[in-house]
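Everything on this sheet refers to the single structure shown next.
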Amino acid sequence: YHNQKMCRYMQHTRHFFKLLCRHFSKRTKQIKGSAEPEKLPIFEYPVASETDRRLYAWGLAETGALGVSEPKTSRKSFSSVVTHPTRIGFGEKYTVGDVSCGYGFTLFAVRDKNSKLFGTGINTDSQLGYQEQRKDGALECLTYPAPIALPLAEPATNVVSITSGRAHSIVLTDREGAFTIGNNSYGQCGRPINKKEIYGGSKALPFAIPNLGNEQITAVHCGQDHSLFLNKSGKVFSCGWGADGQTGLGHYRNEHVPTQVLGDIASEHITKVAGIADCVLAINDKGEVFGWGNSEYGQLSQGSGAQQINTPRHLPFCRTFGRIVDIATGGSFCGIVNDQGEVFVWGFGILGKGPEIEHSFMPTPIPPVLFGKNEYNPNVFVTSINCGLSHFVALTNHGDVYTWGRNRHACLGLGHYNNQFFPFKVAIGARAVKVSCGIDHNVVLCKPHL
């Protein structure tokens, strides 16, 4: 019996030993296999071309001006305010060459054989052209860019520049002059005023202005309810609302015919004009600054007390800052940039000098360190400045965007609703090449980093 028990024990032991050997043999194979390098997936990303662009927007989205709501998307995904830069999908489908923000609407100039101009946002005055809906009538608000018809004679004509005011816009082409769209209550579209004209749902085509002074129009700019044009010789023409002298025509009446602006700029070659509201700045080819229009906060009066200036005057106090390369005006303040990339501001409001300084009669500098210049980045400088009614936006040579001012509807793009008293960098994952300011939203045209 004892021998039988021992035999059974030996059989069990041999069986267990075989199982154990098999187990370790499999484990050894697994360990050897795991030492082999894993084949990781390879991803290839296309490198951006020189012409690639990206669009980012922020601020009040309720008007549709940001164009971030794709057609047929759920209403639940819609946000009335966008507090930080958000990419506009429209910019991935078309080659966008220029962008312009109006009062609650935005225009996009694109390179496309079928449509040259798109718009989104408020359309109560047909500032986005006639946009037909399914039933009879016209759309008064668009949440995504739609094409705007232009009466172009040549298909090869392209839109080179666009600018927008409160309820009108100007479109500049490379071959067929300028076209005006929208409200003409004050003659800002450069055509006769019809007091009985109904602008909402109008099927009227954009009004053509082929040239001015028998010369090609080279630049256009919209104020709140007035328009400014530059021709090839650097002469300025204006039309529209003139109650604050913003047309610069020597009177305070409305004017529907684009008329040459004289005064101190009569013999000057003007290279740029600026003014989102009713105060206008201009610079000539020597980098000198001129101004006219509203001066309620001393922007142009140099302490004289004049609140409206209806004729352009030279602003000699800007000479002390060197050659001026860019200008901007808001609702109550002004900003300039010199050829050293330094920023100077004056007027009334949040000027970027801290919470204690809200009024200055003379241009005062903003420290360059606030725009990223320091001992580690000594070559940073500001290249352009822009204004909304109550906020500033500056661009640097590195493509960075800085904002400051009143943060109406989060128009500063800083992720919050607080006012910003110093320039603060906006987080955008691309290199900015142009920014356009509305009253409560901004759109930036960018180049991708890669």
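The backbone N, Cα and C atoms fix where each Cβ goes, and this holds for glycine too.
Per TrEMBL, the features are:
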REPEAT    53-112  repeat 'RCC1'
REPEAT    115-175  repeat 'RCC1'
REPEAT    176-233  repeat 'RCC1'
REPEAT    234-286  repeat 'RCC1'
REPEAT    287-340  repeat 'RCC1'
REPEAT    341-398  repeat 'RCC1'
REPEAT    399-448  repeat 'RCC1'
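Across the repeat 'RCC1' (399-448), DSSP assigns 3 helix, 25 strand, 22 coil. Counting residues per DSSP class in helix, strand and coil order gives 7 helix, 28 strand, 25 coil for the repeat 'RCC1' (53-112). Mean model confidence for the repeat 'RCC1' (53-112) is a pLDDT of 87.
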